[in-house]
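Pulled from TrEMBL, these are the features on record:
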- 12-33: region 'Disordered' (REGION)
- 43-70: transmembrane segment (TRANSMEM)
- 94-240: domain 'Glycosyltransferase RgtA/B/C/D-like' (DOMAIN)
- 115-134: transmembrane segment (TRANSMEM)
- 155-178: transmembrane segment (TRANSMEM)
- 190-221: transmembrane segment (TRANSMEM)
- 233-249: transmembrane segment (TRANSMEM)
- 314-331: transmembrane segment (TRANSMEM)
- 343-359: transmembrane segment (TRANSMEM)
- 394-411: transmembrane segment (TRANSMEM)
- 448-466: transmembrane segment (TRANSMEM)
Amino acid sequence: MDRSIQELLESSKLKGSRGSSMKSTMKPRVRGDRPSLSFDKKIFILLALIVSIIAWKLVTIQSNLGVYYWDIFLYLNNALRMAHLGSSDTLYLPPLLPAILSVFFRLGFVGEYTIFIVGGVFYILAAAGMYLLLRLRFDEIESLAGALTFASSTLVLAWAVTGSTDIPAISLSIWAIYFTLLAKRKDKRFYYLAFPVAMAAFLTRYTSALIIIPILLVIIMDSKPRFREITKGIILGILLYSPFGLFFYRNLKNPLPFLGQFTETAKGSVTAINPGYNPDSLYYLRHLPEYLSALPSDNYMLIINPSSASPSPLAYLIVAIILVGVILHIIHNRTILDGVETRRLGVFLLLSIALIVIFGRISYALAEVLIFLWALSIYWLLKGRGLDNLDINLVMVTWFLSFLYMHSFHLVKVDRYIIPILPALAYAMPLSIDEISQTLNLGHGRRLFSILVMVLMLSSATYYMWGMPHDYPIVDAEREAAQWLKTYDPNYHNKVIASDRGPAFTWYLKDYVFTRRINENNSELFYRLFYKLKPDYYIYWSTSKPRIYGYKVIYNKNGVIIAEKIPP
């Protein structure tokens, strides 16, 4: 690469496709005068300030709450293992976030606050990337409205700084799509960034691999592809994966541990025992209002699972704006089908019907192929008709459908899994603002409309954050129990410990704790594995009520019980 990344970014200053009425006029520069910031940069700085304040507030709240979610403990423990400070047996999980955390852990910042702050940084980067992505089509104010729609949505706020991989993954995905579109529209060398960032998204959350569909679509739509730059970008992505592949091979004897997970996910094989089991393929669509704006709760489980909460009145207004705008966009552009070949139109209609029929019914792997072919049929139908934004429109539609179809098909439904569709909804907001404004002939009122949307979204976010709980007794109880055991038996590192919340106590004790969790549907397996292990200590919640013999209770407080093995 003969230019620096900074030069590439500077050379790609973007203008909305409809133009901005706020373009600055060139004036003679007087010696000693500082160049004034453009309106675009001022709006970008404003966005950065807003989301930084939100991130700070969320980190403050989460620091008081602590960590409860099972998966987050897995990533913390993997980070300890990478930093050679602890143990973990789930190294097959996406490694990028633990690798980042391990750097800070080695520097002495070993604590939950580290993962919260890292999550906050990714949240800010996601909002910034969303704004720049929207600026490829919309003006500054509309793009700001779209970026804040994303950053202020309930589902994003609920998970932004919890320590899960969802927000870091979507942040990197947004930037990967942005760089891909820049490569097509501005400079092919942006592929040098697009593919490594896409790989980083994959290494953060394996399901992010689906962004390859919109990326491939952009490459196909590029009228002047430069395969040299594309190949170099792919090589850079592979190089980024290499150290992690080596890490997997050293620890798991398998450089590609995610392949097995993909196979199981594609089959949709899961039993009703799984707590997230839900065969309703319309689950995510039904709860879309809550994902955009839900009522706050002092129950932390309702915060991280907004589908169990109630949508706010604003939620329906937001959904209505998006739906009306998208419908108007289709109506306003209906004439583009005039004169198209009947054969091409027939292929498009056939694939469209097939997509509707198969929703939630066949393996998502087959559905993704069909979505890709459907998008190609649209491009085949409309290319050469002078549509400036066909590329970004198709990118957003395929992005939305790819993740919606995958997660709707899979029988495990968890709210945070659907976060990847939110950038497409954020894109639909400025699109809707523009279409509704045109229909109503608002003129300059279009900006007032955008500002109104921003006020609504920020009001929703503020109300939601200020209603969040500031502590979670379950977390406090587990921390206290772990601290008590450290005092009771300073030699606990040399003992075998098990728990129904193994990852949590592995983190609190900084030593490996076996997971032995009783299940009503298969209690026999629990007892067989438990007595085979014969732990010196068993830590469990009183609600699980295991009947273990040869143990005495030495701690029982706030629902957490510690049982010690009785010496023979």
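Glycine is treated like the rest: Cβ placed from N, Cα and C.
Here the structure is a predicted model, which means the values were calculated and not measured.
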Range from 155-178, 233-249, 343-359, 394-411 with the greatest count of C-beta pairs under 8 A to the transmembrane segment (190-221): 155-178
Long-range neighbours of the transmembrane segment (448-466), counting only residues six or more past its ends (CB under 8 A): 50, 54, 57-58, 61, 141-142, 144-145, 148-149, 151-154, 157, 293-296, 312, 314, 317-318, 321, 429-430, 433, 436-437, 442
Tertiary contacts of the transmembrane segment (155-178), as residues 6+ beyond its ends and Cβ separation under 8 Å: 54-55, 58-59, 62, 67, 69, 71-72, 75-76, 94, 96-97, 112, 115-120, 122-123, 125-126, 129-130, 132-133, 136, 193-195, 197-198, 200-201, 204-205, 207-208, 211, 214-215, 290-292, 303-304, 306, 395, 399, 415-420, 422-423, 461, 464-465
Helix, strand and coil totals (DSSP H, G, I; E, B; other) for the domain 'Glycosyltransferase RgtA/B/C/D-like' (94-240): 120 helix, 0 strand, 27 coil
